[in-house]
Amino acid sequence: MKTGNQFNTVALVGRSNTPGIAEPLATLAGCIAKLGFDVVFEADTAREIGISGYPALTPAEIGARADVAVVLGGDGTMLGIGRQLAPYKTPLIGINHGRLGFITDIAAADMQALVPVILSGKFEREERSLLEARIVRNGEPIYHALAFNDVVVNRSGFSGMVELRASVDGRYMYNQRSDGLIVATPTGSTAYALSSAGPILHPQLQGVVLVPIAPHALSNRPIVLPDDSKIAIQIVAGRDVNVNFDMQSFTALELNDTIEVRRSKHTVPFLHPIGYSYYATLRKKLHWNEHASNEDDKAS
C-alpha cells in the first residue's frame with residue numbers, strides 16, 4: 001500500500017540469468033524486512049532464484065503496490081524495469097551487479113549500508129526522461145514503444161548504408177546516408193550515442209540528441225534538440241533496416257516507414273545516496289583523471 005511519501009512496500013528486481021545473484025538478493029530482502037518494510041519480488045526474479053516467503057508480482061502489480069523498487073543488476077536491468085514502472089512513477093534504487101553501472105550507482109558491497117539509509121528517507125531524488133516512439137506504415141501506426149536510453153534506426157550487419165530523411169517539428173532537416181541514426185535521451189548520451197562520437201548530456205538537461213552512425217558525409221554531425229521536439233525519421237533507401245529501443249526490443253522496417261519520436265510524458269525517479277555526484281560517475285566509468293594526483297579522491 002502506498003501512503004504519501006513514506007515507503008512501506010519495497011520491491012526487489014534482479015538481473016536475469018546471472019549466477020551468484022540469488023544470495024545477495026536474499027540477503028538484501030532479509031535486511032529490508034528486518035527494518036519493518038513489506039518486501040515483494042518481481043515474479044521472474046523470484047522464479048529464477050527460487051526464493052519463497054515473499055509475494056511475487058508482475059511489474060504492473062509492483063507499480064500498483066510498491067512504494068519503491070530496488071534493482072540489483074546492470075544498466076540493462078535498470079532500463080528494462082524503468083520503462084515498465086514509468087507509468088506508475090515508482091522510484092528506483094540501483095545496485096550495480098553488472099559491468100558498467102552508469103545508472104546503477106550503488107556498489108553491491110555497499111548495499112546493506114546504503115539502502116536502509118535511503119529507505120529511511122535520506123536520499124537525493126532525480127527525474128530521468130524517457131522517449132516514446134511509434135512506427136507509421138502507410139499512414140497507420142503499427143508499433144509503439146518507450147525508450148529510456150535511445151531509439152536507434154540502423155542497418156543490419158550484412159547490408160549497405162541506409163538513406164534516412166529526418167525532420168523536426170514538421171520541418172525538413174536533411175537526408176543522410178549512414179549506418180543509422182540514434183535519438184538519445186541525456187541518460188542515453190553515455191551509451192551507444194557516446195560510442196558514435198555524440199556529446200555527453202547532463203541528465204538534468206532538457207534536451208534530446210541526434211547522433212549519426214558512421215555517416216557517409218563527415219559534415220553530418222550530432223545535434224542537440226529541445227526536449228519538446230517531435231522527430232520523424234523516414235526510410236528512403238536501403239535494405240534490412242531495423243529500429244530498436246534501448247537495444248532490448250526491435251522491429252524490422254520497410255521503405256517509406258516513418259519512426260516518430262518525442263519525449264514521453266513519463267519520467268523515471270532515481271533515488272541516490274546523499275552526496276551522489278554525476279561527475280564522479282563520469283570520472284569512474286570513463287576513466288578520467290587516471291594519471292592525476294589525489295585530487296580525484298578529494299572531489300565529490
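Each Cβ is built from the backbone N, Cα and C atoms, and glycine gets one as well.
Here the Cβ of Asp75 (active site, proton acceptor) has 24 other Cβ atoms within 10 Å, regardless of which shown protein chain they belong to. The active site, proton acceptor annotation in Swiss-Prot covers Asp75, and the record cites sequence analysis as its basis.
DSSP gives Asn149 (NAD(+) binding site) a coil state; it is part of no helix or strand. Around Asn149 (NAD(+) binding site), the same-chain residues at least 6 positions away in sequence with a Cβ under 8 Å from its Cβ are Leu79, Ala184, Thr185, Thr187, Gly188, Ala191, Tyr192, Asp246, Met247. According to Swiss-Prot, the feature NAD(+) binding site maps to Asp75, Gly76, Asn149, Asp150, Arg177, Asp179, Thr190, Ala191, Tyr192, Ala193, Leu194, Ser195, Ala214, Gln248.
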Task: With H, G and I counted as helix, E and B as strand and the rest as coil, say where DSSP puts Thr190 (NAD(+) binding site).
output: helix
Task: Report the same-chain neighbours of Leu194 (NAD(+) binding site): residues 6+ apart in sequence with Cβ closer than 8 Å to its Cβ, ordered by sequence.
output: Ile200
- prompt: Could you state the CA-to-CA distance between Asp75 (active site, proton acceptor) and Ala214 (NAD(+) binding site) to the nearest Å?
  reply: 25
